[in-house]
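Undergrad: Not my notes, these are from TrEMBL:
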- 21-411: domain 'Major facilitator superfamily (MFS) profile' (DOMAIN)
- 20-39: transmembrane segment (TRANSMEM)
- 60-85: transmembrane segment (TRANSMEM)
- 97-126: transmembrane segment (TRANSMEM)
- 147-166: transmembrane segment (TRANSMEM)
- 178-197: transmembrane segment (TRANSMEM)
- 229-252: transmembrane segment (TRANSMEM)
- 264-282: transmembrane segment (TRANSMEM)
- 294-313: transmembrane segment (TRANSMEM)
- 319-341: transmembrane segment (TRANSMEM)
- 353-372: transmembrane segment (TRANSMEM)
- 384-410: transmembrane segment (TRANSMEM)
C-alpha cells in the first residue's frame, strides 16, 4: 500500500518547538481529555439507563468498554487514514462522528442501539481525533517534546474531574437523553481542535521550489524490524493488563472495608488531583538534558513504581491506607501517562510514528479488554480485593522488567551504526571537496546527511532511542 502524507512536512523539516505549536498543544490537551475521560464520564448515566431499559449494570458497562475498544482497536485504521489524507481532515471527520454518535444516542430506544451510537460511532470519532493529535504534537515539538507530552497528557485527569460532575448535573436537569444531546454538542469542540492542526510547511530554499514531500506507506509494518519497537510494544501490552485495574476496583475495595460511599468515591478525586500535577512534572523532568537520554529507563522505573504501589496497596486495611495508596498511585500513573508516547516517539522517530502508534494501540486494545474483566473474574472466585491488586501489580512489574532487560540486551546496538556514520562522513568530505565552479547548497548537504541513516528503511539509534 502506498500513498503520500498530505500534511506531513518535507523530510528533515525542523520542529518549531513553540510558536503555533502551543496552539497544537492546546488542541492535543483537549482531545486527550475527551478521549480518555469520556468513557468514564458516561458512567454517571448508567443508573438511569438501567431504569429506562430494565437491564443490569454489566449491560450498561459495555458502553464504556466499547468506547475504549474503539479508541485502542482502530489504531491501524487511523494510521492508514492519516497517512492517506493527513491529520487535520481526519480529525475534522472524527469530531463530527463523535458528536453525531452522542446526538443519535439521545434518540435510542434499546441498549443495542446505544452500543452502536454512543459506543461504536462516538468511539471511532474519538479515535480519529486522538491519534492524529499526538502525531501533530510530535511534528511541532522536538527539544520541548517531553514537557509538551506531559502537558497534553494532563488533559485526561483534568477533563475527568470536569466531565463527571457535569454529566451528573445534566442528568439531574435534563435526564440522560438531554445529557447525551448536550454532550454531543460539546464534542463538536473536537472539530475546533482539528482546525488548529496546521500542517508544517518548509520555507522556500533560495527562491527555489519547496522540497517535495516523500512518499509513505499507508501502514508501515517495517517498524517491526526495529527490536526496540517490538520490546516496547510487548512491554506496553503487558502493562495495560494491570494498569487500569486499581482505579476500577479501589472504590469497591473501600466500601468492602466499611467506608461510607461518599468517602469511598473521594478516593478517585484524590487520585485524579495528584495525576494532574504528576504528568507535567514528569514531562519537565524527562526534558532535562541530563535525563532525556535515559527516558527509557525512567519509563521503566515509572512502571516498576506503579506495580510496586499496587502490591503495597493490597495490604491496606483502612481508609487511611487507601488514601496513601491513591496518592502514590496517582504519581506513578501520571508518570506512565506522560512518558508512554514520548518514549515511543523517541524510538521510532517522526516519520514512522503514525504507523507505530496505531499498531501499539491495537496490541493494547486486546489487553484493555482482558485486564479489568480478568480482575473481576478473580474477585468473583475469591471475594478478596487483595488478590486483584496483587495480580495487577505483578503484571505491571513484569512489563517493567521486560522493557528494562530488553533495553540491556540491545544496548550495544548504536555501535552498529558507526559504519554508516563513517560513510556519511566520507560523503561529507567529498561534498566539501567539490570543484570551485560547482555551487553546493549547505541546506542540501544537511538534508542529505540527515536522510542518509534512514536509507532502505533502517533505523539509526541514539542513546535516547536505544530501546
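Including glycine, each Cβ sits where the backbone N, Cα and C put it.
Have a look at these and tell me how they're positioned relative to everything else.
TA: Sequence-distant contacts of the transmembrane segment (20-39), counting only residues of its own chain at least 6 positions beyond either end whose CB sits under 8 Å from a CB of the stretch, comprise 64, 67-68, 71, 91, 98, 122-123, 126-127, 129-130, 133-134, 136-137, 140-141, 148, 151-160, 162-164, 187, 189-190, 192-194, 196-198.
Long-range contacts of the transmembrane segment (97-126) within its own chain (CB-CB distance under 8 A, at least 6 residues past either end) are made by residues 34-35, 38-39, 42, 49, 53, 55, 59-60, 62-63, 66-71, 74, 177-178, 180-181, 183-185, 187-188, 190-191.
Away from its own ends, the transmembrane segment (147-166) comes close to residues 21, 25, 28-38, 40-41, 44, 133-134, 137, 140-141, 269, 272-273, 275-276, 279-284, 286-287, 334, 337-339, 341-342, 345 of its chain (Cβ-Cβ under 8 Å, at least six residues beyond either end).
Nonlocal intrachain contacts for the transmembrane segment (229-252), taken as residues 6+ away from its ends with a CB within less than 8 angstroms of a stretch CB, comprise 223, 264-265, 267-268, 271, 303, 306-307, 310, 313, 322, 325-326, 329, 333, 336, 340, 343-344, 347-348, 356, 359-360, 363-364, 366-368, 370-372, 374-375, 379, 385, 388-389, 391-396, 398-400, 402-403, 406-407, 410, 467.
For the transmembrane segment (264-282), the residues of the chain that approach it from at least six positions outside its boundaries are 147, 150-151, 153-154, 156-158, 160-161, 247, 250-252, 254-255, 302, 322-323, 326-327, 329-335, 337-339, judged by C-beta separation under 8 angstroms.
Among residues of the same chain six or more beyond the transmembrane segment (294-313), those with a C-beta under 8 A of the stretch's C-beta atoms are 146, 235, 239, 242-243, 245-246, 250, 282, 285-286, 321-322, 325, 328-329, 331-333, 335-336, 339-340, 342-343, 346-347, 389-390, 392-401, 403-404, 407, 463-464, 466-467.
For the transmembrane segment (319-341), the list of distant contacts is 134, 146, 149-150, 153, 156-157, 236, 239, 243, 246-247, 250, 253-254, 257, 259, 263, 267-268, 270-283, 286, 295, 298-299, 302-303, 305-306, 309-310, 312-313, 357: same-chain residues at least six beyond its ends, Cβ to Cβ under 8 Å.
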Undergrad: Could you pull the average pLDDT for the domain 'Major facilitator superfamily (MFS) profile' (21-411)?
TA: 86
